[in-house]
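Visitor: Quick one: the structure is below, questions incoming.
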């Protein structure tokens with residue numbers, strides 16, 4: 001190999017990255033799209049489980065996998081059997097609102113329920129409520145999107161920002177209503193950038209709901225949010241922050257919480273609608289995880305040897321992972337002061353060191369450059385005889401590594417044919433400049449693949465052979481303290497952390513007297529292990545008794561306390 005061969009250094013360095021195991025990318029599901037508690041109601045709407053939609057990239061509206069609920073109305077006042085298509089979390093507050101709209105006859109008492117002022121005061125919300133009532137009776141394929149409040153700002157002007165709708169949910173709706181569950185309030189007027197003019201509200205002690213017409217709903221989920229200006233009817237005085245909070249967030253005395261507003265969007269019918277439920281609730285299933293995209297095939301190489309080698313590496317190590325760019329903490333000043341010189345991989349010492357080890361990368365610095373800073377003169381092969389001996393050594397080691405690789409258990413079926421083809425293509429034409437490089441490259445690649453496959457075997461056997469020897473340094477099997485952080489479990493309010501304990505230590509014969517309740521089975525296993533017998537699953541130190549723990553959790557609408565069993569380990573033993 002004449003002259004400095006930096007190309008080989010680059011190839012071998014790349015092989016180190018190429019031989020690292022990689023796995024295809026996996027799509028990650030959002031964990032929030034889970035079924036919630038069944039909502040109970042006393043009216044005529046059948047509301048069962050409420051659902052969140054998953055990540056917007058995981059489903060398309062109108063497809064067979066829409067995460068929607070089909071809700072069927074029943075009762076004497078409704079003859080329709082068509083289901084309601086609802087997307088989003090339908091809490092008991094929205095259920096009560098829709099029940100009230102469905103039952104109302106728009107008399108004076110009904111108008112009071114919705115804080116609608118008497119006729120003649122210009123109420124744009126009344127026609128919209130009547131259209132919503134018509135949809136509840138005859139949905140006609142239209143579907144309702146429920147968006148809940150995400151953020152509120154009080155100063156200087158109240159700003160309400162809601163959830164962003166799912167894909168397709170932001171299309172122009174037939175109607176958009178801001179539904180508020182008010183507390184005690186006064187007669188007020190409401191204006192805002194997303195509202196069609198001034199809307200009047202006449203709140204009384206009998207008002208349960210407050211609805212506002214929104215003509216530009218897209219501003220409700222975009223920053224800064226939906227701006228509202230509330231003034232007293234008559235004198236036009238602005239409401240204070242305390243009055244606004246009491247009006248817009250009514251108290252829920254049953255659950256000791258506040259009722260948050262919701263934005264309802266009624267969207268037009270789509271061509272692909274699910275079949276009617278015929279009196280039953282159907283849930284269109286959530287989308288299954290998408291299969292990971294197939295790895296991009298490398299472009300065909302002009303060299304069949306390199307193309308076959310790439311296929312073998314991917315067959316054994318898996319497709320290359322899309323790793324983030326490496327970040328090296330290098331000091332430019334230190335690098336500038338480092339001795340500069342040529343790296344010569346044709347140097348006899350370099351080649352011998354490369355063959356003596358199995359690492360695909362070798363970093364060399366000539367001794368003269370390290371001491372004096374003067375670059376060393378590149379040295380060529382010692383003699384043709386030495387070069388021939390080195391070639392024979394490469395060929396012998398190549399055949400030995402290939403034989404070991406073929407004998408490894410669990411090898412993919414595609415690997416042996418690819419390996420045979422590589423050996424047939426190597427060393428190729430000995431007179432060509434790439435002949436020696438090809439043999440050396442294949443040797444280092446096969447050594448790396450062999451090391452990786454052996455590492456997989458060792459990790460697998462280590463998982464299966466969790467024996468007493470590995471835990472001997474920790475003493476005999478005994479109960480150890482372990483604190484568990486529950487703050488990641490968002491539904492658990494109290495406690496934030498608790499002492500769960502864990503079991504750790506060696507399982508050997510004779511057993512420790514810390515847990516006298518032995519089983520005959522584990523005694524026999526421990527005696528076999530003491531006699532030197534190999535067990536596929538040696539006895540492990542595990543909890544044998546538990547106690548419960550009182551947890552205070554937050555469900556959709558209430559705070560509850562539960563005594564959860566098997567939360568704290570109290571005894572340990574070998575099993």
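Note that Cβ sites are derived from N, Cα and C of the backbone, with glycine treated the same way.
Sharing the feature lines straight out of Swiss-Prot:
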type	residues	note
DISULFID	477-541	disulfide bond
DISULFID	503-572	disulfide bond
DISULFID	507-574	disulfide bond
CARBOHYD	78	N-linked glycosylation site
CARBOHYD	344	N-linked glycosylation site
SIGNAL	1-24	signal peptide
Visitor: Measuring Cα to Cα, how many Å separate residue 503 (disulfide bond) from residue 541 (disulfide bond)?
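Guide: Here the two Cα atoms are 6 Å apart.
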Visitor: Where residue 541 (disulfide bond) and residue 574 (disulfide bond) are concerned, what is their Cα separation in Å, rounded?
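Guide: Residue 574 (disulfide bond) has its Cα 5 Å from the Cα of residue 541 (disulfide bond).
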Visitor: Tell me whether residue 503 (disulfide bond) sits in a helix, a strand or coil according to DSSP.
Guide: strand
Visitor: Which residue among the disulfide-bonded residues 477, 503, 541, 572 has the fewest other Cβ atoms within 10 Å of its Cβ, if you could check?
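Guide: Counting other Cβ atoms within 10 Å of each of the disulfide-bonded residues 477, 503, 541, 572, the minimum falls on 503.
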Visitor: Tell me the Cβ neighbour count for residue 574 (disulfide bond), meaning other Cβ atoms within 10 Å of its Cβ, over all protein chains shown.
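Guide: By my count, 27.
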Visitor: Write down the Cα-Cα distance for residue 477 (disulfide bond) and residue 507 (disulfide bond), rounded and given in Å.
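Guide: Approximately 6 Å lies between the Cα of residue 507 (disulfide bond) and that of residue 477 (disulfide bond).
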Visitor: Between residue 574 (disulfide bond) and residue 477 (disulfide bond), how many Å separate their Cα atoms?
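Guide: Per the Cα atoms, residue 574 (disulfide bond) and residue 477 (disulfide bond) stand 7 Å apart.
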Visitor: Measuring Cα to Cα, how many angstrom lie between residue 477 (disulfide bond) and residue 572 (disulfide bond)?
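Guide: Rounded to a whole number, the Cα-Cα distance is 7 Å.
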